[in-house]
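Copied over from TrEMBL, here are the features:
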DOMAIN    B:10-407  domain 'THIF-type NAD/FAD binding fold'
BINDING   B:27-32, B:Asp51, B:59-62, B:Lys75, B:98-99, B:120-125  ATP binding site
BINDING   B:Cys161, B:Cys164, B:Cys427, B:Cys430  Zn(2+) binding site
ACT_SITE  B:Cys176  active site, glycyl thioester intermediate
DOMAIN    B:438-525  domain 'Ubiquitin/SUMO-activating enzyme ubiquitin-like'
REGION    B:534-569  region 'Disordered'
DOMAIN    B:535-568  domain 'SUMO-activating enzyme subunit 2 C-terminal'
COMPBIAS  B:554-569  compositional bias 'Polar residues'
Amino acid sequence: MIEKEDSIISEEEAAQYDRQIRLWGLDAQKRLRGSRVLLVGLRGLGAEVAKNLILAGVKGLTMLDHELVTEESCRAQFLIPVNNQGQNRAQASLERAQYLNPMVEVKADTDRVETKPDEFFLQFEAVCLTGCSRDLMVRVDQLCFQHNIKLFCGDVFGYHGYMFSDLGQEHNYVEEKPKVVKPKTEESNDGPEAKKTKIDPNETTMIKKTACFCSLKLALEVDWTNEKAKSSLKHTPHFSTTQSIVFSPFVPLFVPTVLLKFRTDKGRDPHPESFEADAMLLRQIRDDVLEAMGLSSDLLPHDFVSYCFSEMAPVCAVVGGVLGQEVVKALSQRDAPHKNFFFFDGMKGSGVVDYFGPK
Amino acid sequence: MVTLQLVGSLRKELADSLSTCRVLVVGAGGIGCELLKNVVLTGFKNIEVIDLDIIDVSNLNRQFLFQKKHVGKSKAQVAKESVLQFCPTANITAYHDSIMNPDYNVEFFRNFMLVMNALDNRVARNHVNRMCLAADIPLIESGTAGYLGQVTVIKKGLTECYECQPKPTQKTFPGCTIRNTPSEPIHCIVWAKYLFNQLFGEEDADQEVSPDTSCVLWDGDIKRVSTKDWARSTGYDPVKLFNKLFKDDIQYLLTMDKLWKKRKAPLPLDWLEFVILSGCVIACPQGVTGTGLKDQQVLGVGGYCQLFSRSVETLHSVLADKGDGAELVWDKDDPPAMDFVTAAANLRMYIFSMNMKSRFDIKSMAGNIIPAIATTNAVIAGLIVLEALKILSGDVEQCRTIFLNKQPNPRKKLLVPCALDPPSANCYVCASKPEVTVKLNVHKTLVLALQDKILKEKFGMVAPDVQIEDGKGTILISSEEGETEANNCKFLSDFAIRNGSRLQVDDFLQDYTLLVNVIHCENLEKDVEFEVVGDAPDKAPTPTRSQEEGKNIANGNKESSEPSTSSEGVQVNLTLMTFSLWL
């Protein structure tokens, strides 16, 4: 439970956070200020999320990454100054991350996340995993679920990206709605309605709500072959040929599924330097997944694999923006969270929210 | 399988063209910082960025290239330096300047493969729109407000230009609502800002604060002294000022009893009653807690009486220090100016039976503040670059208008791409021979008003030249300073302009020619100086709920292109929480 720590907000905070307090309110800002977040992975997407959370004014952000800065990292990420090759990525990002907002406690941790004991995670209100294997994400999610820690995952693969959130069995939040102005009655005994005090049309009221989330494990245990799901017409079209538009709820999961399988098999993401070999493996995995999903391969652009390499900076910005805002919403307990996946296709500019998991 | 060469995520040909082309980023604020970062990381090498503004502490929650130590410095300059920290090989030119400066002519724009706007006001957007049309360079437009955002692409001949669709103008209120019968807090706030100008700033005939007798048939005494003169005559005595504005003037309004037949009558205030007799220095605040922001407290009436008095004294002494003929300019970030408006507006709200508001809320309304966060700007800036890549790949037909919503729509879309519309045939900017018809009274419209209110304000020109199509090519207005100054205070009819006359208007900087047809009209609505035929009548736009058809486009919290740190216009920011919007 995120407490509103000290009730006082300093002049400095009020001045710096003015424009966001005007949007989400002082209460939300205080809850953010009481929250500690763990961010795993400081590549392109991680850097975006770090920036967004630090600017939002969380209490602390721990950036965890065991990888070293490579030449490619310099191009990929704006927190790492040049000439930091060979340094740990989290460490190299620390200074510029801290500069973003001195009021946040920013830390760098160079360990492998797999080696962290369970207790390590318990110090955080939210955990955000990027660049992690599917198994690791499932494991950390189980742990977070048990301890009421908000869990987020996200990745960017070339032009594509996704994020997942698990806010626990019962996530409580508020929504601000305009106050309903009662319809004007006919002349009452008191005299014409107009003579009464005017109700400010901008007045709002807070409504309490609850959302339920499922674990990542359950979310990914979709039954591809379920006839009902395959023929569902309620979902948005994602791929289109010139003749027809195909409806399938699983299409947006396609790219993350293929790429996460690649990551598990190879222990890394596809790399432009090994384009030929990686593309071949991607196509193999693609065929397997398509078959399992019951989709035909002519639905995809035949060179789709070439759009999955590396992390595109603008795609990191989009996914990192949505993901960052979901973390802010969850910590501040304000506004309806997206349930439970967000998929972004940078080729089309489409971003959809969809739910996978038990009903 | 054909071998594909990738540089990062991009095909080699695209990566190569990125590293050689030049791009212009207009604005280095909320969207601009995010955009510069994306542009550089994506591989663009030759970037020019322009912004006239300096850094303010309220920018720091999202304009992440700036730190506290940079407050007061040029946004463009600091943004460039910050970017070079993580990408020293980027070739960035920064201009601390206004894009509307004539130095940035069509030739300047032609240097770029594409232009990306990161602006926050309509005037500059209109201008860049025209420059890009003139130079035939693709323009990527964008805007954000709170959680919402929008990106689109403008390409001459292929898509709508920024001005193809009429945009709702900022809401203004009739004089008698402000002066006689306010019914909403915003009316009182506008009144308070007018009052500031009348007392301390530039007096404006359109910003009267005293009771308006012209809107009611009234035989009473209509001879009244100017507010400033009156204030001077009393030495800006706060108590006298208070009693005039909040007691005497209100009592005067009460005598206009027609106004109060169906409306609740105002209650005059008396200084003695509220400050001295009430006893306490600051009367009990309404609903204060120790945990709120100081500014979010709502004081009692007594408190605002005190605040009024203090701020009048402070402002008067600042004005006096400046010497003869000095004028103050209202600025939301100037504490006594903000105090003054807070106090005056609240006192008026009290008088007219409205719930008073905190300084925090009044500042939002008076200062046209649009709440802003980093993440919305980050998403929009990402989308801008993706559109840019499509353009550079030669895939302009893949470009889209994309809306960012707060919640997914019924089809689960949070980001909604929509096809771009073709140019509007009647657009008075991008049509091949733009023409427009204006209704006005030729005997009452000054040449100066034509220039400032119609050509500059309404039609977005910066330096218009006007020729009358009278067979003699009479020059009515010249953009060269001083040349036609003598014409300014003459009426159009003095130049034989009448019903059916045609004016050829050129703006050479924007490479824009507009033919204006004049229709003489003697019965325009009250307070209306001119009307553009074919325009939707000015009214507050109703919020649209569907962005697919929604072309409802609002345009910025500022009517002028002044930097955010300077004072803003009096016009009110629309409540902009609609799905599709431009700011």
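The backbone N, Cα and C atoms fix where each Cβ goes, glycine too.
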Other CB atoms within 10 A, centred on B:Asn121 (ATP binding site): 21
Fewest other Cβ within 10 angstroms of its own Cβ, chosen from the recorded positions B:Ala124, B:Cys161, B:Cys164, B:Cys176, B:Cys430: B:Cys176
Nonlocal neighbours by CB distance (under 8 Å) for B:Asn61 (ATP binding site), same chain, sequence gap 6 or more: B:Ala372, B:Ile373, B:Ala374
Integer Cα-Cα distance in angstrom, B:Ala124 (ATP binding site) to B:Cys427 (Zn(2+) binding site): 18
Subset of binding-site residues B:Gly27, B:Gly30, B:Asn61, B:Asn121, B:Ala124, B:Cys161 within reach of chain A (CB-CB under 8 A): B:Asn61
Residue counts (helix, strand, coil, in that order) that DSSP gives for the domain 'Ubiquitin/SUMO-activating enzyme ubiquitin-like' (B:438-525): 19 helix, 28 strand, 41 coil
Length of the line joining the Cα atoms of B:Cys161 (Zn(2+) binding site) and B:Gly30 (ATP binding site), in Å: 23
For B:Cys427 (Zn(2+) binding site), the one of B:Gly30, B:Asn121, B:Cys176 that lies nearest, given that the recorded positions are compared by Cα: B:Asn121
Additional residues surrounding Zn(2+), by Cβ distance to the B:Cys161, B:Cys164, B:Cys427, B:Cys430 centre under 8 Å: B:Leu133, B:Glu160, B:Tyr162, B:Glu163, B:Pro423, B:Ser424, B:Tyr428, B:Val429, B:Ala431
Spatially closest candidate among B:Gly27, B:Gly30, B:Asp51, B:Cys176, the listed recorded positions, to B:Cys164 (Zn(2+) binding site) (Cα to Cα): B:Gly27
CB contacts for B:Gly27 (ATP binding site) [other CB atoms within 10 A, all chains]: 28
Mean of the pLDDT scores, which run from 0 to 100, over the domain 'THIF-type NAD/FAD binding fold' (B:10-407): 91
Tertiary neighbours of B:Asp51 (ATP binding site) (same chain, Cβ under 8 Å, six or more apart): B:Val26, B:Gly27, B:Ala28, B:Gly29, B:Gly32, B:Ser74, B:Lys75, B:Ala76, B:Ala79, B:Tyr95, B:His96
